[in-house]
Each structure stands twice: as C-alpha cells, then as structure tokens.
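Per Swiss-Prot, the features are as follows:
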BINDING   T231, A232, E233, E285, S385  L-serine binding site
BINDING   R262, S263, E264, E349, I350, S351, S352  ATP binding site
Amino acid sequence: MFDINLIRKDIVVTKEKMLNKKVSSDLFDQIFGLDVLVRNLMQQEQNLNAKKNQLSKEIGILAKNKDPKLQQTLDLVNSIKSELQDISLTLSNKQDELNKLLLVIPNMPDDSVPIGNDENDNVEIKKVFEPRKFDFSPLAHWDLAAKNKLIDFDKSTKITGSRFIIYTNFGARLYRALQQFCLDMNVKAGFNEIWAPVIVNQESLIGSGNLPKFVDDLFKLENSNYYLSPTAEVQLTNLHRNEILKASDLPLYYTALTPCFRSEAGSAGRDVRGVIRQHQFHKVELVKLCKPEDSFKELESMTRQAESILEALELPYRRIALCTGDLGFSSAKTYDLEVWLPSYNAYKEISSCSNCTNFQARRAKIRYKETVDAPTELVHTLNGSSLAIDRLWAAVVENYQQEDGSITIPKALEKYIY
C-alpha cells in the first residue's frame, strides 16, 4: 500500500515522482483532501470522547449530591453519544474510501530508476554470451516441437483450449529437468524450498498487490473467495502476513515451483505461437524479506542468482533496468533478464527481479522488531523469477538445436535427463 506519509510530507514531490509512473496528480489531491477530513474527524471523535468521559465522572458526583444540574448533564452526555455515532459512521466510510484509493496507487519508484515512458526507455545494463551464429536457418521452438514430438498442440486445444500446452516425450523430460535444476540452484544458494497451494484467498492477493487493481488478470473460483495464483510471489510473500518477526530472523529467503495462472487480458494477438504466453505455466520463484537498509543489496544478489542459472545453461542473455513507466505495480526498482530466442531474433523476458521496499509489507502487515521493547518496523520484500520454465524450455530448445532438427542439451542438465 502506498505510504500516505509521503503525501503528507511533500505532495508536490510525490506528484512529480508518481507522474513518472503514470499516476494522475488529481488522485493525490483527492487523497490529500480525504486524509485531512479523516484526521479532522478523528480529532473531533477524540475531543468528544474526552468530553463525554469527563462529564460521566461529573454525573456520579452530581447524582450523589442530588444536584439539579444532573438531568442537564445526562442530556448533554446523550447528545454527545449521538454525535459520536454520526462521526464514527462518517469516519468509517471516509477511512474506507481513503484506503481503497491507496490500494490502487503503485509503489513509488526509487531515485536510481531511469525515467521513461515505456519499454523503449529501459536501460541495458549488460549482455552475457554472444548469440549463436547458425550456419543453417534455425527453426522456431514450435517447429522443433512438432518435428521431434515434444509438444502435442492439438490435444492441448482439445482438452482445454488455446494458450495451454501438453509437453510429451523428451519435451516433458526436459521440462521436468529444468524445474529441478532451477530449484536445486536456488536451494544451493541458501533459499528455503516451499511447496505451496496454488489456490489463494483474496487477502493474499491484496497483500501482494494483485488485488484490487488487476482482478481482470486473474482466474477466480466461482462463488468463493479463492483465486488461482498468478505467481508464487503471492504465496511466499504472504507466509508472514500479519506477523511481527525478530530482526535476528532476517533476511528470509524462499523459493518455490508452482503452476501459475493468468487470463492474459489484453494480450490477444501477442505471442500466439509456441509456449511464450500461456494461461497456465510453471515458474520457480524467489522471495526475500529483509531489513530496509539491506533491500537494494538483496536485489543485486537475487538478480545474480537468476543470472547464474542462465550462465550455467550457457544461454545468451542481457540484464535490463526498467524505466519508471515500465515498472510493475508493486515495484520500486526492477531488473529484467531477457534470454536470446533465435525465432524472434531478439531477447525475450525470462525473469523479473524487483525490490518492492515496504509496499507489500504495509498491505500484508509484515513487520519486525530489533528488540522486544523496540517499535515495530515494516520489512522490505523482494521477488524474482528464477526462472520462467516454459520460456527457459523454449530457449534451450532453440539455442541447442542442430542442423538436422535434433536437440542437444546443456552439460549442466545431463544428470537431470534420463
């Protein structure tokens, strides 16, 4: 949730920074006005309660002394109670209105994020490995899949519909091997493996920032409070929702492999062939919870962890720093890793590593204490793909294809495929 103290402290600077993230200035004026109203109502409520409590004490004395002012004082207390009821109702409604607005405002970009409008303004940080120069015309992964019977596209459509995949034969074994390889790499790097439900409740999606803004991107279970999770970021971030952690327990590192479900609203006509954009896909996720002063250092190490998998598989990739206009809703800073796909003759996103600062922690109420007597502070949360399995599968198949259409595998995967 957006930190309202930023608006209270300097609404002009806040507007300027958030304009870079495409948030209208009018929204902040609306929030500022509501916040002033809410705080005034709270002050009125506090003053009236103090007056009521004082009069209640006087009533006892007046009654004991049979003072003629007793009835007048009782009437005044009843009047205050009635006024308090009205103020309390108004305050509750206005507080709900304010919270709903705060829930749809994205996180503020960090000052280190390049300013820009869209993906064209993202900044390339580095490239690792040169794309392979084929001495033949390389096939796309969907053609290689058909040639080698790695995917049954027809049965996928028959059983479910478009944007779903059935991997078969060597294709299925490679898919499983990549999942295990990514998990093993993450666990060896110190991440605690979690096996989580793929159905999550509304509170979890609010905590991660997916709701209420991105409801159209989700699959909701009918007549329930449940949704199919769009990413294990939701489950892993919410492991400590409504908890106060010990500072000595931080940082916490988690990794999980889960199927992910997305409606892909608004993506009609994009990446219609192959496995790049599916309604259901698998992803190995990383999540970190840490102290605020450590979060940007943790972002660098998280990104390096995802990069280490691509390097172990010897896949050409590049790291991109997202500009303000391309940042995700919950993110203060994001690096994208893009792997080279010959079929596109371009780099395609395979990982997104983000520092969400205290944005998700405020929504999910994830706090920590330095000592028992110390005040609570919000943790910082980070998340990253390590990696998106279907896109990784496509990258391996395309980059390791041979002239006869066969596919070799990276040395790092040899012990995983049998």
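Each residue, glycine too, has its Cβ placed from N, Cα and C.
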Neighbour count check, CB within 10 A, over binding-site residues S263, S385; minimum at S263
Neighbouring CB atoms within 10 angstroms of the CB of E264 (ATP binding site), all protein chains considered, total 14
CB neighbours within 10 A of T231 (L-serine binding site), counting all protein chains shown, number 23
Sequence-ordered binding-site residues within 10 Å (Cα) of S385 (L-serine binding site), taken from R262, S263, E264, are none
Other C-beta atoms within 10 angstroms of the C-beta of S352 (ATP binding site) total 22
A correct count of other C-beta atoms within 10 Å of the C-beta of I350 (ATP binding site) gives 28
Close in space but at least six residues away in sequence, with Cβ under 8 Å from that of R262 (ATP binding site), the same-chain residues are D217, L218, F219, P230, H279
Taking every pair from R262, S263, E264, E349, I350, S351, S352 (the record's ATP binders), the biggest C-alpha distance in Å rounds to 19
Span of the recorded L-serine site, as the biggest CA-CA distance among T231, A232, E233, E285, S385 in Å, is 9
Binding-site residues T231, A232, E233, E285 vs E264 (ATP binding site), shortest C-alpha separation belongs to T231
